[in-house]
Every structure is written in structure tokens, then in C-alpha cells.
Amino acid sequence: MESADLRDPDGMPVTLSDFEIDAAGRLSADLLAYLEGGAEAGQSVTENRAAFGRIGLLPKLLSPCAGGHTRTTILGKQAPHPIMVAPMAFQNLFHPQGESATAMAAAAQDATMVLSCQTSTPPEDIATIPGRRWFQLYMQADHEATMALVTRAVDCGADALVVTLDAPINGLRDREVAAGFTLPDDVRPVMLDVLPQPPRPHLRDGQSVVFDGMMVFAPTADDLARLIADSPVPVIVKGCLRPADATRLIDLGAQGIIVSNHGGRVLDTVPAPITQLAAVVDAVAGAVPVYVDGGIRRGSDVFKALALGAQAVLVGRPVMHGLIVDGPRGASQVLRRLRDELEVTMALCGCATVADITPDLLTGFSGTGS
């Protein structure tokens, strides 16, 4: 993390790292651990950012950029820029208006917001706020319960589903445990709380709580195919790191792939998504759009992701930092700062449009390709 803690003349943080520093000073130890912590030792959280730093920029000269722009296409619709708001649970932990405040910020910057399945604000309330939204979905043990979530989300304006597959169970978050984080009684997953809960398996002596208990309800390929067939809106799958998984997901009907490691919050020592992006893009071969999240803190990071084949990027924790510091205005400033930095990076690298951002403008990059 950059640590200058810069302020503008009005006393507001300047960069995304400055927002992060300010936000940390406003949170209790347990809330800070929940927001910033990762799985186990948190190596993947650190690596998500560090991986961008190992990729350099190689600008080209004498490229006309007058009249340039950041416009792109996201699921067939024109977007003014390729920056989206990632799904984040329980935003009422960080602002009284929770997800509604984030929706206001996203709308102010014309950014698509992905609403979490674990939203602490009813989607009906968020639907009153203008803007484009997708809905992040954890598939339920019962298909009817899953479709009830889908129907409610679509009725509230979601025009795509983001099915998260990399967290069939929770990871081990040591930092949260040490800080004593528990969800307060007045912050609940309001969409999940109203669903019937499946009976828990009765475990015999010697059976595993994980394998014989929790994983009994994990989604299968057949479950995903059925959801895709029944969904009234496109289904994008989040949590893919392996090229072979990407091609299999497309075979099952996925209409987009998000390369992600869940912000390093589920399994530690998995690779940073940016290091896997090019290999996944190559495997997909243009069949569906590919998106990426994880560790993006600068407009130059957005540029690097686009150069490696991402259609757009998703940003999570920085939006919460902005929300903590100054509500919807702060979150909006975070998104605007990223876009401004992207424009400057494009101009200085000789790119008038996002279509001009190509891999030859990067140096020092080596993906795993596995």
C-alpha cells in the first residue's frame, strides 16, 4: 500500500491508497479486519496488488490521441468507461445507507454496480436509484430457492447474474477471528434470510464437517447448467483462475467470465488474477467477454488489465474506503479518480481508445499460462 496519505486543499484524500489510510483510521479493529483481511496469512491479498507492480508500461510515441475516450461495450451496451463496482456483502457495516449509498456513487459515475447476494439493503430500495446493476448470486441447495433470488433481483432491475463459484464454503480468515469480528444483529443478508434453509446433514462419528456437511450443498456443473437455462438474463461466472475451467464454463452456457480470487478472502496462496488473465483470455478465444478483479488501485492497473484482454475491471475494497470516508461522494470520487488516471495513462501510452490498449504496451509481464 502506498503510504503518503496525501490530501487536497479541502482535506480530502487524493489517491485510492490515501482513501484506504483514512478509512482505516475510522474503523474499529474488528471491522477493519473484516474489510481488509484475507484467508489465512493473507498472502494472496498482498500478491493481488504486488502483481500489478511487476508489470511495466512501454509507451509508444507520436500517436494522435485528441478526441480520445474510455468508452467500451459491456454485455452489448455502451459504457462510458470499463470500471465496475464489485459485489461486496453487508455494506451497512460501513455506512448507514449501505448498498444504496454505493448505488448512488456508481450512478454518479455511470458505473455498473454488482449487488451482492448478501446485501444488507433490500434490492427494492436500491431499485429506486438510477443506474445499471448486475446481481451476484450464490447458488442455493434448492433450485427453487435460487430462482426465487434470481426473480427478485431481475424484478429489481438486474440485467445480468454473476454466479460466484470459488466459495462453496467460507475460507479461514485468521485476522477476523483474532479481532473477534461477528456480524451485528442489525446487519443481515436480507435476501437470504427470507429463504427456507435446507436441513443440516446429521453427521455420524468420524464424518467430516467439511466434506460430509458443508460440501453436500456445493453447486455442481448440472446445477449451473440448469440455472443458465432458466435464467431470464445473461449469466457470468466469477472466480475462474484456470483456462480449462473457463472453456468448460462456456460449454455449460456461461456468457462471461470474471477472473478472480475473491479478493484473497477464500483461499490463500492462489495466484493474483492479473497473472492468470492472459491465459484465460487466450483459452476463451473471444467466445465470451472476460473481466478481472483483485488488487486494482490505479488507473494504470486498469490499463494493464485491458492490455491483457479484460473487457472491464471490477473494484471492491476501494469503493468501500470512499464510502467510509465521505459516503456516496467519497465512493464516487474513488471511481472518478480511477477513470481520470486511466485517461492519463492512455494518453501517455499513445492510446486514444480502449481498443488501442494492446499487450505490446506492457513490459515485464509473465503469466502462468496454466
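The backbone N, Cα and C atoms fix where each Cβ goes, and this holds for glycine too.
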Check your understanding: Out of Ser63, Ser208, Ser260, which is the one Swiss-Prot records at the FMN site of Pro87, Met88, Ala89, Ser116, Gln136, Thr164, Lys238, Asp293, Gly294, Gly295, Ile296, Arg297, Arg317?
Key -> Ser260
Exercise for review: Name the one residue among Arg71, Arg173, Arg188, Arg226 that Swiss-Prot lists for the same pyruvate site as Tyr34, Tyr138, His262, Arg265.
Suggested key: Arg173
Review point. Within 10 Å of the Cβ of Tyr138 (pyruvate binding site), how many other Cβ atoms are there?
Key: 17
**Study point:** For the domain 'FMN hydroxy acid dehydrogenase' (8-367), the mean pLDDT of the predicted model
**Key:** 95
Check your understanding: In which DSSP state, out of helix, strand and coil, do we find Gln136 (FMN binding site)?
Key -> strand
Point to revise | Residue from Gln136, Lys238, His262, Arg297 whose C-alpha is spatially nearest that of Arg173 (pyruvate binding site), among the recorded positions | key: His262
Exercise for review: Determine, using Cα-Cα distances only, which of these recorded positions is closest to Gln136 (FMN binding site): Tyr34, His262, Arg265.
Suggested key: His262
